[in-house]
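Undergrad: Got a structure for you, questions after.
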Ligand SMILES: Nc1ncnc2c1ncn2[C@@H]1O[C@H](COP(=O)(O)OP(=O)(O)O)[C@@H](O)[C@H]1O
Ligand SMILES: O=C(OP(=O)(O)O)[C@H](O)COP(=O)(O)O
């Protein structure tokens, strides 16, 4: 028996409320196509083909961040992948949303506005508190069932993820099933040789706590991105802080510096830090500086340098397993892709077991002509997948499992 009830178990002609994760890179206000659309499209298509009325919820960015936008552009990208029209209503649970939901016919698909535009979505709270919000209490009665397909957001205790499964019978979508199975199997795997984790990206808070919880399961961590700079700061270098107008380092330093210092103290031998960093030189080209030569941070560091790539690549080649969470630099800009691509190429060249995770990071595979088949698993989840490696339960998934056991 499956761990979850799945969309194959739905009663016929259901009114289905589905949580997807369409959180995507935004360029010029538009969502950039990525694996999340392609993978979730299968769930949406299967539900619509079965004749259900399908209402989709998803989030984009966080209030205050540049990538916090409406989902109007997401509907068109998703429609291309589903091969069906996806209507959009610029409302979460107000009159316009309710009217659009009521008007839906069998087999039609409607995307609601960014769940994070609803004040009750974000503050993390218990499922019972989230189920008691206006948001959940208003929408739930319009549906027969709730489907969670957002594995990659399952580490968040937000209303759309943990509130609805208490209010409606809850099912797992196709992505939820496949990512759960893959990541649970990976978490149980034993490896004979060294296990390496490449840690980068911008969400340092997500990865640093997990690095601590992974303990001896990972033999060495190769760092870059924002987390890498925070570790360099803890090691006494003048980096890992915000320059004017930046909002990447100082807050995450305040939250994490004790953990970072403790990890360095207890597992310093397992931590490999950048020995050089890349930035935009005066002529607009990529320039590099050795970390040991830095007296102060005057530039934004946008990648690890070439000496760091040369240091990390052999360590990857001799690994039995490599897990990647987060890019080592701003790979979307070709000048700053060397770290991320260098690491991915080293993985692709070897036959180690490998997982590349993260909605943003996994895009580097197709952007730079790498072959997805050279990696054991490319996950559309970032924070959720590395948390799964610790064996720690993900709150939104626990609620689906409980539903399978006969309700919470
Ligand atoms: N030094 C850096 N400064 C700013 N952004 C960075 C840096 N290094 C990596 N990034 C960005 O991190 C993003 C991926 O990080 P994150 O959102 O944490 O991971 P994911 O979505 O893949 O789980 C990439 O889009 C990349 O541009
Ligand atoms: O993109 C996501 O996570 P990821 O960057 O860890 O892959 C999820 O949509 C969660 O988004 P959040 O980290 O803003 O809560």
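Cβ coordinates come from backbone N, Cα and C, glycine included.
It should be emphasised that the depicted structure is a prediction, and the values quoted were computed from it without experimental measurement.
Just lifted these from TrEMBL, have a look:
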- 21, 22, 23, 36, 59, 60, 61, 62, 116, 156: substrate binding site (BINDING)
- 36, 116, 156: (2R)-3-phosphoglycerate binding site (BINDING)
- 332, 358, 359, 360, 361: ATP binding site (BINDING)
Undergrad: Taking the Cβ of residue 359 (ATP binding site) as the centre, how many other Cβ atoms fall within a 10 Å radius?
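TA: Around residue 359 (ATP binding site), other Cβ atoms within 10 Å: 19.
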Undergrad: With ATP as the bound species and 332, 358, 359, 360, 361 as its recorded binding residues, calculate the greatest Cα-Cα distance and give it in Å as a whole number.
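TA: Per the listed residues, the maximum Cα distance equals 14 Å.
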Undergrad: Using Cα coordinates, what distance in whole Å links residue 36 ((2R)-3-phosphoglycerate binding site) and residue 359 (ATP binding site)?
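TA: Rounded to a whole number, the Cα-Cα distance is 7 Å.
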Undergrad: Find the one among the binding-site residues 21, 61, 116, 156 whose C-alpha lies closest to that of residue 332 (ATP binding site).
TA: 61
Undergrad: By a simple count of other Cβ atoms within 10 Å, which of 21, 332, 360, the binding-site residues in the record, is least packed?
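TA: So among 21, 332, 360, the binding-site residues given, the one with the fewest Cβ atoms within 10 Å is 332.
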Undergrad: Could you measure between residue 59 (substrate binding site) and residue 361 (ATP binding site) for me? Cα positions, answer in whole angstrom.
TA: 18
Undergrad: Could you say which of the binding-site residues 36, 116 has its Cβ with the most other Cβ atoms inside 10 Å?
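TA: Buried the deepest by this measure is 36.
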Undergrad: Which entry in the list of binding-site residues, 59, 156, has its Cβ near the fewest other Cβ atoms, using 10 Å as the limit?
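TA: Output over binding-site residues 59, 156: least Cβ neighbours within 10 Å is 156.
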Undergrad: Can you list which of these binding-site residues (21, 23, 36, 61, 156) have a Cβ closer than 6 Å to ligand 1?
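TA: Qualifying residues: none.
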Undergrad: Can you list the residues of the same chain, besides 36, 116, 156, whose Cβ falls within 8 Å of the (2R)-3-phosphoglycerate site's Cβ centroid?
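TA: Output for this site, in sequence order: 21, 22, 23, 58, 59, 60, 115, 150, 152, 153, 158.
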Undergrad: How big is the gap, in Å, between the Cα of residue 358 (ATP binding site) and that of residue 23 (substrate binding site), rounded to a whole number?
TA: 11
Undergrad: Expressed to the nearest Å, what is the distance separating residue 116 (substrate binding site) and residue 359 (ATP binding site) at their Cα atoms?
TA: 18
Undergrad: Count the Cβ atoms, other than its own, that fall within 10 Å of the Cβ of residue 23 (substrate binding site), considering every protein chain shown.
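TA: Its Cβ shell of radius 10 Å holds 25 other Cβ atoms.
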